[in-house]
Amino acid sequence: MRMRLKLKTVFVLYFMVSLLGLIYALMQLGQRCDCRDHDLSKDQQISQLRGELQKLQEHIKTELSKKTDVPKIYVITPTYARLVQKAELTRLSHTFLHVPQLHWIVVEDAPQPTPLVTDFLAASGLTYTHLYKLTPKDRKLQEGDPSWLKPRGAEQRNEGLRWLREMGSAAKGKEAAALEEAVVYFADDDNTYSLQLFEEMRYTYRVSVWPVGLVGGMKFERPVVEDGKVVRFHTGWRPNRPFPIDMAGFAVSLRFVLTSPQARFDGDAQMGFLESSFLQHLVTMDDLEPKADLCTKVLVWHTRTEKPKMKREDALQKQGMGSDPDVEV
């Protein structure tokens with residue numbers, strides 16, 4: 001009798017729970033589903049994602065700006081108009097967004113600032129200075145010239161140095177003291193940079209150096225260090241140059257730049273001597289500070305973007321069917 005009672009009780013409870021579940025399900029049938037995301041058009045979804053990306057960039061910038069107790073890095077980047085310019089600057093800016101206390105000095109090879117670079121920098125989320133300096137025609141590479149024929153970016157890097165010196169001469173108090181600790185780096189827009197590189201260079205007393213990968217027809221070039229000092233350079237071309245080093249392979253103390261007004265890049269320097277034309281006014285080999293585990297780690301690569309082939313675009317242009325010129329690439 002007791003067993004039957006228990007089974008009856010279990011059956012009743014099961015029936016009541018099932019009934020309540022059915023009633024709840026029927027009640028939900030009349031409720032409106034929150035399907036707003038599914039109702040959005042593709043353009044609205046893209047706009048929403050852009051807004052979220054912008055918020056994320058602002059958050060990253062805010063978080064990085066809190067790290068004010070580290071020396072600032074001033075990065076000078078020469079750039080010039082070509083099809084891949086915006087792509088190069090985009091990739092580079094996304095690296096810089098992760099580096100605290102970085103001020104990007106972008107110098108266009110142009111007679112005036114271009115709308116593309118102006119708008120790009122305004123939306124980058126970075127602290128920046130936008131300059132321009134046109135390379136004289138006799139110093140420009142012509143169509144078909146090999147990239148090594150003439151020094152590139154000398155005028156633009158010198159313009160960046162001019163701005164820094166002008167800023168330094170006007171600085172006072174805490175601002176002037178902060179500049180004493182700052183660092184200058186020359187970052188081309190087509191190279192690839194590890195975030196660790198910027199922490200390596202951040203504490204530079206005079207001139208710090210490190211290896212550069214995929215440069216000079218070699219896997220890497222680097223300063224060779226013995227007993228903590230740079231004694232020579234591992235390079236396959238003209239190792240007897242004063243400083244056989246790539247532009248991406250060194251950083252300079254801003255204090256040192258400000259006190260050495262004669263230090264600038266020689267736009268008429270012979271092939272491979274552009275870096276030496278600048279560094280020889282600042283240091284000797286004994287003064288170089290090896291970074292990246294005594295120059296045994298590659299943290300920057302001399303990559304180059306392939307020039308896009310526009311054969312089909314040119315053909316369509318001749319037929320009056322080319323890509324919309326108002327779409328910025």
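Backbone N, Cα and C define each Cβ position, glycine as well.
Automatic prediction, not curation, is the source of TrEMBL annotations.
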36-56, 57-77, 309-329 - the one TrEMBL records as region 'Disordered': 309-329
Cβ neighbour count (within 10 Å, all chains shown) around Glu275 (active site, proton donor/acceptor): 22
Composition by DSSP (helix, strand, coil) of residues within the region 'Disordered' (309-329): 8 helix, 0 strand, 13 coil
